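Trainee: Before we start, here is the structure in question, set down as structure tokens.
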Amino acid sequence: MKSFHSPSNSSTITGFILLGFPCPREGQILLFVLFSVVYLLTLMGNASVICAVHWDLRLHTPMYILLANFSFLEIWYVTSTVPNMLANFLSDTKFISFSGCFLQFYFFFSLGCTECFFLVVMAFDRYLAICRPLHYPSMMTRRLCTNLVLGCWILGFLWFLTPIIIVSQMSFCGSMIIDHFLCDPGPLLALTCRKSVVIEFVISTLCAVAIVILLLFIMGTYSLILKAVLKVPSAAGKRKAFNTCGSHLAVVSLFCGSVLVTYGSPTSGHKAGMQKIVTLFYSVLTPLLNPVIYSFRNKDMKKALQKFLGT
């Protein structure tokens, strides 16, 4: 429950209205069917990667263990937004409770931040495997791999905790309408009684810092990887290294590019329609594409998936 003040009266906020994608009833049903299929395919694709890694002993290596954890993360990432979006397609009120809104806000941003850290760790693993192949087994141990995974989850869920708590304690005035399909900080802050440039700046900065850390680390790591790969005498060895690294770079580009467009610059404004499309891309479509990208040119993963699926 949250109170807010308008020039003429004082009321109590029990929640917000997520406009989502306004269109006629038939369009809402069509979108419901479309995103239901996308959601199910995303769950099936990422769950297949997890099961393939679990059941195939050849894939019990740090690279595939990290990939399985990444797929597990993607399942929860897409689940933080899509089920509520699907419910809103069939709802006449499109209502989300105050606590539900901020829980979605917290989990969506925390899982997105965790994904950034996972991509950094996966790049680090590829660096060790390619640039330090003789020392890789002794350096990237199961214990280190476990600690890196736990570190990603813990740091990701602490990254936005303080600003989200601060925003949840602010007073909200006027309309309860959020012109988005999720509880995004921009539309939420637009409903506060006092415009807080500081909070907007902090949220944008935290987003930008996470992405910049990721991009700088990726650029530095892959410059060293490229240098090492070019020294490999075997054409097959070069091809295998490029295939593995290319998949990772494709995922990084899809995720980071769309996030930077939305949150990259402090207090930047975007038209609501464009913001929805960009957010939809990295929150819904990227988790759908990631299993395909990682398995498309990876022979070991394709064999494991075929074995698991019985094809």
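The backbone N, Cα and C atoms fix where each Cβ goes, and this holds for glycine too.
Sharing the feature lines straight out of TrEMBL:
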type     : residues : note
TRANSMEM : 29-52    : transmembrane segment
DOMAIN   : 45-294   : domain 'G-protein coupled receptors family 1 profile'
TRANSMEM : 64-83    : transmembrane segment
TRANSMEM : 103-124  : transmembrane segment
TRANSMEM : 144-166  : transmembrane segment
TRANSMEM : 201-225  : transmembrane segment
TRANSMEM : 246-265  : transmembrane segment
TRANSMEM : 277-296  : transmembrane segment
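So where do these features actually land, and what's packed around them?
Mentor: Sequence-distant contacts of the transmembrane segment (29-52), counting only residues of its own chain at least 6 positions beyond either end whose CB sits under 8 Å from a CB of the stretch, comprise 21, 23, 59, 67-68, 71-72, 74-75, 78, 82-83, 85-86, 89-90, 284-285, 287-288, 290-292, 294-295, 301, 304-305, 307-309.
Sequence-distant contacts of the transmembrane segment (64-83), counting only residues of its own chain at least 6 positions beyond either end whose CB sits under 8 Å from a CB of the stretch, comprise 35, 38-39, 42-43, 46-47, 49-50, 53-54, 104, 107-108, 111-112, 114-115, 118, 121-122, 125, 145, 148-149, 181-182, 283-284, 287-288, 290-291, 294, 300-301.
Sequence-distant contacts of the transmembrane segment (103-124) (same chain, at least 6 residues past either end, Cβ-Cβ under 8 Å): 63, 66-67, 69-70, 73-74, 76-77, 80-81, 84, 96, 148-149, 151-153, 155-157, 159-161, 164, 167, 182-185, 188, 210-211, 213-214, 217-218, 221-222, 248, 251-252, 255-256, 259, 282-283.
Away from its own ends, the transmembrane segment (144-166) comes close to residues 62, 65-66, 69, 102, 105-106, 109-111, 113-118, 121, 124-125, 199, 202-203, 206, 210 of its chain (Cβ-Cβ under 8 Å, at least six residues beyond either end).
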Trainee: Please average pLDDT over the domain 'G-protein coupled receptors family 1 profile' (45-294) for the predicted structure.
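Mentor: Reported value for the domain 'G-protein coupled receptors family 1 profile' (45-294) is a mean pLDDT of 84.
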Trainee: Against which stretches of its own chain does the transmembrane segment (246-265) lie, if we need a Cβ under 8 Å and a gap of at least six residues from its ends?
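Mentor: Residues 112, 115-116, 119, 122-123, 126, 203-204, 207-208, 211, 214-215, 218, 222, 275, 278-279, 281-282, 286, 289-290, 293-294, 296-298.
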